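These features come from TrEMBL:
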- 17-188: domain 'FAD-binding PCMH-type' (DOMAIN)
- 164: active site (ACT_SITE)
- 238: active site, proton donor (ACT_SITE)
- 333: active site (ACT_SITE)
Ligand SMILES: Cc1cc2nc3c(=O)[nH]c(=O)nc-3n(C[C@H](O)[C@H](O)[C@H](O)COP(=O)(O)OP(=O)(O)OC[C@H]3O[C@@H](n4cnc5c(N)ncnc54)[C@H](O)[C@@H]3O)c2cc1C
């Protein structure tokens, strides 16, 4: 276990924001987890569990212990004729893990390639892209109870997964550390090509009978066209969730705005937050050192050395204008940490 006080978090968030925290602790081995939890039980300082820092906006001073989970290892637990059960430690890089599974020919995660961050965070907001969510492949999530000092396996059916949400953002928030995730993947994969231009991309490449490798490559190409690479432009990816509205609200908006982009979800409709933000004139706008990505209005970007407060102000201004124009509440997907 590594521990530093008053530590700079700039290298630990994809927004590239400079921020300091009371203490930075890195858990590198399984034994560190129990050791830190017992120390935390004696401390009155709050803590924040950090993965890859790709879904967070740090405010300048974080009066907390920031605890980075850096456990590593991938293990094939079992297999039968149809499936493999593979366990990855929380600190493994998510996209590298997906690519490892794709190379092995195990299907289920290929649409989720290219999402920054760690395996341990994937169940927290039930990461999703191109018609697939982590919940579709997660078998169970291994956790350590910070107060109980006990290991626990939370089954998929207990995770309360929904759109960008799970029990780990709700009842188990700050109660457990996720230490590894087990996925059940398909040896004879069926492809999900229904979403976001994957089929057009494959067609462009002249691929008629795609494999999971082709799908993952197509997804990467599509993502690179739309999203900034955090190594070049700081961001937290999609900054806002796509709001879900009741059918009456959807119909009234659609009457006013026939071009509005929306998808049915059960009896409700999910509106494309990027479209709403673009209609309010924000796409490509820059306010000081922070801006809205010119290729995708859902993404806020660091134009140099923005602070968490700059991002907060811009996010608030965007939320206000969407509320005024459409009477729709935009919730942030990225988390402000202070
Ligand atoms: C360019 C870009 C593109 C993106 N595209 C997508 C996308 O397509 N789909 C999508 O869903 N997301 C996307 N994201 C958001 C982000 O990548 C995901 O939310 C990712 O899962 C966050 O992982 P992380 O390890 O960086 O988590 P962090 O940002 O470090 O933490 C996120 C949350 O998880 C908790 N957490 C992290 N590790 C643990 C642990 N071991 N135990 C308990 N809690 C933990 C944290 O406390 C926090 O609440 C994108 C982000 C960027 C920058």
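Cβ coordinates come from backbone N, Cα and C, glycine included.
Residues near residue 333 (active site) in space but far in sequence (CB under 8 A, at least 6 apart, same chain), listed by position: 55, 125, 164, 236, 237, 238, 239, 240, 241.
Across the domain 'FAD-binding PCMH-type' (17-188), the model assigns an average pLDDT of 97.
When secondary structure is read from DSSP and collapsed to three states, residue 238 (active site, proton donor) falls in the strand class. Every protein chain considered, the tally of other Cβ atoms within 10 Å of the Cβ of residue 164 (active site) stands at 18.
When Cβ atoms from all protein chains are considered, those within 10 Å of residue 238 (active site, proton donor) total 20, not counting its own. DSSP assigns residue 164 (active site) to coil in the three-state reduction, placing it in neither a helix nor a strand. Classification of residue 333 (active site) by DSSP places it in coil, neither helical nor stranded.
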